[in-house]
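According to Swiss-Prot, the protein carries these features:
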| type | residues | note |
| --- | --- | --- |
| SIGNAL | 1-23 | signal peptide |
| BINDING | H45, C53, C56, H57 | heme c 1 binding site |
| BINDING | H48, C102, C105, H106 | heme c 3 binding site |
| BINDING | H58, C69, C74, H75 | heme c 2 binding site |
| BINDING | H93, C123, C128, H129 | heme c 4 binding site |
Amino acid sequence: MKKMFLTGVLALAVAIAMPALAAAPKAPADGLKMDKTKQPVVFNHSTHKAVKCGDCHHPVNGKEDYQKCATAGCHDNMDKKDKSAKGYYHAMHDKGTKFKSCVGCHLETAGADAAKKKELTGCKGSKCHS
């Protein structure tokens, strides 16, 4: 009877833990070079660990599959003037999209702090474009 009870408790614990364990894949190593624009960015997932994966990696065909930004069919148009959802530059720099761009999130993070704003959103000498 005790074995059956313990087996049931263990099975329940595993069933409850599985969604949490499968929720997000392991983030890639730091030093991810995003070089699709004139001024490359070295992106570190560890710096952004407080941000949920889905805040940047939006659903594609109803699924969160955490692809790279410039994956074919996503933000794969490298024309800086392309302001559509396909535009890579636009996806990183737009301030008013449903899914926050890098710049949109950094502006929100900086708030009214002018020095922080320059540090997080400046084109030259920022933490992004060094």
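Glycine is no exception: its Cβ is also placed from the backbone N, Cα and C atoms.
Since we're looking at a predicted model, the values are computed, not measured.
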Minimum Cα separation from H93 (heme c 4 binding site), reported as the residue among binding-site residues H48, H57, H75 that achieves it: H75
Spatial separation of H57 (heme c 1 binding site) from C74 (heme c 2 binding site) - C-alpha basis, Å: 11
CB within-chain contacts under 8 A for C128 (heme c 4 binding site), separation at least 6: V41, C102, H106, L120, T121, G122
Cβ within 8 Å of the mean position of the Cβ atoms of H48, C102, C105, H106: remaining residues of the chain near heme c 3: V51, C56, K100, S101, V103, G104, T109, L120
Residue among the binding-site residues H45, H75 whose Cβ has the most other Cβ atoms within 10 Å: H75
Among H93, C123, C128, H129, the record's heme c 4 binders - longest CA distance, Å: 12
